[in-house]
Amino acid sequence: METPGNLFVVAAPSGAGKSSLVKALRSFDARVYPSVSHTTRAPRGQEKHGREYYFASDAEFDSMVGNDAFVEWANVHGKRYGTSKKGIQDRLAKGEDVLLEIDYQGALQVRTAFPQAILIFILPPSWEELRSRLENRGEDAPEVIELRMKNAEEEMAQVGKFDFVIINELFESALFDLKAIIHSQRLKYASQLRLRSDVFESLNLS
Ligand SMILES: Nc1ncnc2c1ncn2[C@@H]1O[C@H](COP(=O)(O)OP(=O)(O)OP(=O)(O)O)[C@@H](O)[C@H]1O
Ligand SMILES: Nc1nc2c(ncn2[C@@H]2O[C@H](COP(=O)(O)O)[C@@H](O)[C@H]2O)c(=O)[nH]1
């Protein structure tokens, strides 16, 4: 589907730092709207329904799948996660930029539905650092961390299918890269035309 807004998709193995990067990006750039996914996993400590996720029962999730309400959904680490159509289509149609923070299976489904989507993969600098970030985050039980580390092997093998790769070693440097990717997409001709139609008209270019 062609839309006036940019659709950015950020994927990474759990613990690589995508939520931290997207949160930091948002503090500089209110023009990119992060979509809130639905999930069947339980909320963590401070998470709120409608803020980090819409927490859904299996039956509610089944019903959304049955009603074709998702742009994409996938089983990730034993739970289901999905991006609702309702959450993103209106914004994209209005010309707003939307960012999805999802796993690689969902990212590849999004590319099928929105071929112009920009797919960004975040890598940790090493396996040791990935484990240490998951452990230090202190949110997941040891068996959950083991499962996420195991799944990271398959996830990282997908990196070549993405348009951009960011290595999140130094946080500020990774954030700079993410901002640069987003900015470069906005500088493309079509986006400029949309955002600065006043300039294009005054120069008789439109
Ligand atoms: N560059 C970095 N250096 C050191 N620690 C980092 C860096 N980036 C993120 N972290 C830390 O690593 C932990 C995992 O980060 P975060 O929760 O953002 O990962 P994630 O990829 O969103 O994981 P998940 O997919 O499980 O939500 C957090 O404690 C975060 O503060
Ligand atoms: N395919 C999708 N994956 C999603 C979505 N929302 C989040 N995720 C991914 O799930 C894992 C685990 O997240 P966590 O919050 O439980 O740590 C992570 O890779 C997310 O990116 C979604 O809507 N679709």
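Backbone N, Cα and C atoms are what each Cβ position is placed from, and that goes for glycine too.
Please treat TrEMBL annotations as automatic predictions, because they have not gone through curation.
In this structure, ALA12 (ATP binding site) belongs to neither helix nor strand by DSSP; it is coil. What TrEMBL records for ALA12, PRO13, SER14, GLY15, ALA16, GLY17, LYS18, SER19 is ATP binding site.
Taken from TrEMBL, the feature domain 'Guanylate kinase-like' covers 5-183. Confidence over the domain 'Guanylate kinase-like' (5-183), given as mean pLDDT on the 0 to 100 scale, stands at 95.
The ATP site, placed at the center of the C-beta atoms of ALA12, PRO13, SER14, GLY15, ALA16, GLY17, LYS18, SER19, has further neighbours from the same chain whose C-beta lies within 8 angstroms: ILE122, PRO124, LEU130, ARG133, ASN168. Close contacts with ligand 2, defined as a Cβ under 6 Å from any of its atoms, occur at SER14 among the binding-site residues SER14, ALA16, GLY17, SER19. Within the set of binding-site residues (SER14, SER19), the lowest number of other Cβ atoms found within 10 Å of a Cβ is recorded at SER19.
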